[in-house]
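Chemist: Have a look at this one.
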Amino acid sequence: MKKLKIFMLVGAAILCLAGCGGNDELSLEEIEEKKGSFSAGASVHDPSVFKENGTYYIFGSHMEAAKSENLREWKSFASGVSQNNELFDNLFDEPRKAFEFVGKNEEGGYSVWAPDVIYNEKMGKYMMYFCTTSTYKRSSICFATADNPEGPYTFQDTILHSGFRTADTKNKQQIFGDENFDMRKYMMSGDYNNLQWPNALDPSVFYDEDGRMWMVYGSWSGGIFILELDQETGYPIFPEEDEENEVDSYYGKHLIGGMHLSCEGPYILYDETSGYYYLFVSYGSLTADGGYQIRLYRSEKPDGPYVDYSGETFSLGVEDHSQYGLKMMGNYTFPSLPYSYMAPGHNSAFVDDDGKLYIVYHQRFSDMGEMHEPRVHQIFRNKDGWLVAAPFATQGEELREEGNSSKEIAGTYYYVNHGTDISAEVHEAEEIQLTAGGKIKDSSGKNIGEFVTEENSPYITLSTDEGEYEGVLVDMEDEAGNPVLCFTAAGENNQSVWGVKYLKE
């Protein structure tokens, strides 16, 4: 395992004891006897979260939608790309304008992907932005409106297209609303240049601190772009060309990615507490063995620049993007899980009414093919203002603001470093010991580091040979309901680390 050092800043009032905990924790045999998980009760891919009157909604690809009262148990209320799906009332009415540009997919049907719902106060409507697509680059972003978050949503218009062909020059008025639209800059060898320009997929919409409305979008291809939206109409405000700042007059501003490197499902969360805009994206391929994972960037402005924990950005010329973006989570397992958790990704996030932050994503599992379920984990701000995720699905856990005592912290932890790889590798938990005297030992008893906690605080600072990690300690329950004490932290090497101590009830 990686050589580990954990530094925790300690006040003089913290009692330093020798040795490790023991009587309060489960043995490995006891943990394995208590293995378990849970079913969310619904399957929603690319879940985008929206809360209204105490109910949480998630909307996903293939016209799937579900709702919950507790972020754990979900009930489906819409399913399947069909005229019988009551999520929409006119999407398949002739002339089927949402599919006019893209046409049918390879299976001869229609693809409706990655919706995002937001309430527009100026219009007095719930707005759903979504995309239709037929190939790996021919796509349209559309929007629909409703008077209720559950719909029915009325399709309004398409607002952005990608993947044009030379033949489309005859239909510029129909496609772009401008017969003089110059397609040439977006073409290469008679086809759409998707190495530089975006795929019109995966829209998500947010308000900035000044009340302006933005749409971030993109999937692989030329990367992630952003456009401001007109709140009065829901349509994009197309900017003036600014090549020096990577602003295109049609697609908006380029944020990260490109050259058809994996980067999709963008979601921007503005956090008033930290003052940052957090840009979440997914790397890898979405299949269970595709190395799908969640990465994080942040900015002080809604339209960037967005940088990772190391202060770098994933620019258009990057060849290996695995080192860019804070990896919040990838494939992992713990001894209490009956299977490995695979390919977490295409997330949304929100700040709840009580100020807690949550990340919502779809999760696959080992030996279960492509079956997936939504998962919701609480996320926390570390001392550097970066977000770290709790290792297990939320069950209403609270940070202990007064912190944990040395005696409570001491014991055996199962440690996962998510690394920065984009692969099918499962990061398995390794056993470490945290002693009450502030030492860390590996499973053989060898000293491999030190640790301390900050007095009257949940904060913890961790460091390895690769760099330091800042995080928090949190008491919670694992998927099977076992009480655990966890640490979750992240560092300038763009790695996230988790540690779990299993407690007796």
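Every residue gets a Cβ built from N, Cα and C, even glycine.
What TrEMBL lists as active site, proton acceptor is Asp46. Taken from TrEMBL, the feature active site, proton donor covers Glu264. The domain 'Extracellular endo-alpha-(1->5)-L-arabinanase C-terminal' annotation in TrEMBL covers 391-499. Annotation source TrEMBL lists signal peptide at 1-18.
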Chemist: Including all protein chains displayed, how many Cβ atoms other than that of Glu264 (active site, proton donor) lie within 10 Å of its Cβ?
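Modeler: Glu264 (active site, proton donor) is surrounded by 26 other Cβ atoms within 10 Å.
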Chemist: Would you identify the secondary structure of the residue listed as 'active site, proton donor' according to DSSP, in three states?
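Modeler: Going by the DSSP assignment, the residue listed as 'active site, proton donor' falls within a strand, counted as strand.
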Chemist: Please work out the number of neighbouring Cβ atoms within 10 Å of the Cβ of the residue listed as 'active site, proton acceptor', leaving out its own Cβ.
Modeler: 29
Chemist: How many helix, strand and coil residues does the domain 'Extracellular endo-alpha-(1->5)-L-arabinanase C-terminal' (391-499) contain under DSSP?
Modeler: 4 helix, 53 strand, 52 coil
Chemist: Check the domain 'Extracellular endo-alpha-(1->5)-L-arabinanase C-terminal' (391-499) for me and report the mean pLDDT.
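Modeler: That region's mean pLDDT is 92.
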Chemist: Cα-Cα, whole number of Å: the residue listed as 'active site, proton acceptor' versus Glu264 (active site, proton donor)?
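Modeler: So the Cα of Glu264 (active site, proton donor) lies 11 Å away from that of the residue listed as 'active site, proton acceptor'.
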